[in-house]
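Trainee: Below is one structure. I have some questions about it.
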Amino acid sequence: MGKYFGTDGVRGVANRELTPELAFKIGRCGGYVLTKSAERPKVLIGRDTRISGHMLEGALVAGLLSIGAEVMRLGVISTPGVAYLTKALGAQAGIMISASHNPVQDNGIKFFGPDGFKLSDEQEQEIETLIDSPEDMLPRPIGSSLGQVNDYFEGGQKYLQYLKQTIDEDFSGMKIALDCAHGATSSLATYLFADLEADVITMGASPNGLNINEGVGSTHPEALAAFVKEKGADVGLAFDGDGDRLIAVDERGNIVDGDQIMYICAKYLKETGRLKQQTVVSTVMSNLGFYKALEAQGISSVQTAVGDRYVVEEMKKNGYNLGGEQSGHIIFLDYNTTGDGMLTALQLVNIMKIKGKPLSELAGEMKKYPQLLVNVRVTDKEKAMEHEQVKKVIAEVEAEMNGNGRVLVRPSGTEPLVRVMAEAPTEEACRTYVERIADVIRREMGVE
């Protein structure tokens, strides 16, 4: 990770850390790096529903126009929508303003290249070097060479029309509950599923600039679980603030996470001869039960570090077409270049419709090991990971597990947290292991 770019672009508290001044520089320097070979480069900008999105969009646009880029504002749209449209419209770059599942005071900026993929570490480093340069030596066009800005709010509909082409069925006869996290999918998802003839009921679809992710969405699926049971829905689909994740809820109100969704999709793709190399890419956070279920179906798995960018890198490198994270980032590389909540939702409901089976039955084939994750707020996450007492307690816990479970301790890519996760045969054992490690981290490096 660099000075500004974390695992998912630039993030920070809007107007404190991620200021309009910094956003202007990011637009100017990022736009230059991504468009320097084009004469009148085209750059798309989308945003989620945060109140700070307008401020950051204005600053980014100014930076881009100052190097001669033509800017197309997409308005409120999902992150995967920006990724798709960047490639589909032949733009040199796409930019999404969002902090995904983070609280409303945070915001972020992430770039996509002309192929719709996120930037490489080398490209991010080049942008950072220009931002920190003591003197701005970038071009300063004047007159007719300056960039112009136009709105392309119909981009969202173009993206939805593309998504509909990825499935075979309509959803008539199905009652589908949506939770849009008061975020980027609030109008898009409702339109999409209604257009596919589902009986759609929604919650978390009234954004006011301040309520994104607040007690709703994929990080709070218990709200949707209650809604599904109350309304008698066949399935619940929860997105996060920028629409790149999906967590589902079955007809009984049970939460179906990214591992289970990946398993269902992997099995179906294998059955229909479309799972490339009979392999799924996941991260080290995936449940042991996920790997056992895949193995039983004759499906191989590859693990990466946490972060959908690492999953995508592995998929591109070795020609796989399905991968994702337990948190609900699922990548169907045949259809899009990044995690896509609405695309994943379509594939999942399509499988339910084709098989004529409820989600509880499809997800029930994968037996999850009890898993517990605790976040510990720390003064310095890198130092915490290198602390001798922390290393010692992790080694002790791993020795006690003796192969019957696992522990994973890692720094958050976007927040000052250390995440402590354990899997074990019982919930009590998980809790014991996690708290033992978390207590040491709190004692040695915790925030008072």
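Glycine is no exception: its Cβ is also placed from the backbone N, Cα and C atoms.
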Trainee: Which single residue out of Ser100, Ser120, Ser360 does Swiss-Prot record at the Mg(2+) site shared with Asp240, Asp242, Asp244?
Mentor: Ser100
Trainee: How many whole Å apart are the CA atoms of Ser100 (active site, phosphoserine intermediate) and Asp240 (Mg(2+) binding site)?
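Mentor: On Cα coordinates alone, these residues lie 7 Å apart.
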Trainee: Specify the count of other C-beta atoms within 10 Å of the C-beta of Ser100 (active site, phosphoserine intermediate).
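Mentor: Looking across every protein chain shown, the total is 30.
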